[in-house]
Amino acid sequence: MSSLVMVGAQAGFFYRDFDLTWGGERAKISQGGQLLTLSLDKYSGSGFQSKNEYLFGRIDLQLKLVPGNSAGTVTTYYLSSQGPAHDEIDFEFLGNLSGNPYTVHTNVFTQGKGNREQQFYLWFDPTKAFHTYSILWNPQRILFLVDNVPIREFVNKESMGVPFPNKQAMRIYSSLWNADDWATMGGRVKTDWTQAPFTASYRNFNANACAWSAGKSSCASTTTTSSTTSSSDVWRTQALDANGRQRLKWVQKKFMIYNYCTDLKRFPQGLPPECKK
């Protein structure tokens, strides 16, 4: 029998849910497990990963990004499996010069292939306060949400031959690192190390998700009727309603700055099949 269980992680308790994986003292948990910080200096960045692996779920995490001149820095928050044919669902936050907006970079990898980038500006300053960044991943779709506002939807189009991440369990990873060879204005703006250390903060982790163990590769019973679905299970079959579609259109019209699905120069032989309406 599989040992798939629904996990409803309580907010906080980073000690219980995550391992600090690199960067030494640059990664810290404080406030009784309620706050996690990552720092970057000239010598190293830092990172952490979840103890659990998940196969489908809704992951929420509050972040406060590196303030001030964050040019050259990248803060990541993503789900990923392992190996050359890995699946991955990415949030990356590309720093910028003081007063200029962060770029939110999103991507979806299936069977080791990415190249599905969409990038956005935010409608607020993500360095002034904590904001909630969520990944909702069910067998039908992946939603990227910011403060519960959908910014991107990646729909399962396996029927069109497009791979969808639904067989490999993924851990949650996050890191803060130096990428000044590409992160800001294509690498033209370098990291100002006089501003170091750079620090990003995390709190209020929550996972309504299926934890994967014992080598099993599918969630138990992902089909539930509305009469038996609890509020914490809504993600299993969740789709965008009319209001959600309007909010997605608002974000993509006003704040999207790059969409691989409209980049004809990049795909002269034709856009990827999932881009077709």
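Along the chain as shown, residues are numbered 1 onward.
Here the Cβ of each residue, glycine as well, is placed from N, Cα and C on the backbone.
Sequence annotations record features per position, and here TrEMBL assigns active site, nucleophile to E88. The annotation active site, proton donor is assigned in TrEMBL to E92. Among the features that TrEMBL reports, domain 'GH16' is placed at 8-202. The feature N-linked glycosylation site is assigned by TrEMBL to N96.
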Intrachain C-beta neighbours of the residue listed as 'active site, proton donor', sequence separation six or more, cut-off 8 angstroms: V74, T75, T76, Y77, Y78, V104, H105, T106, N107
For E88 (active site, nucleophile) and N96 (N-linked glycosylation site), the CA-to-CA distance in whole Å is 25
If you draw a 10 Å sphere on the Cβ of E88 (active site, nucleophile), how many other Cβ atoms land inside? 18
Near N96 (N-linked glycosylation site), which residues of its chain come within a Cβ-Cβ distance under 8 Å, counting only those 6 or more away in sequence? S70, A71, Y102, T103, T184, V189
Over the domain 'GH16' (8-202), what is the model's average pLDDT? 94
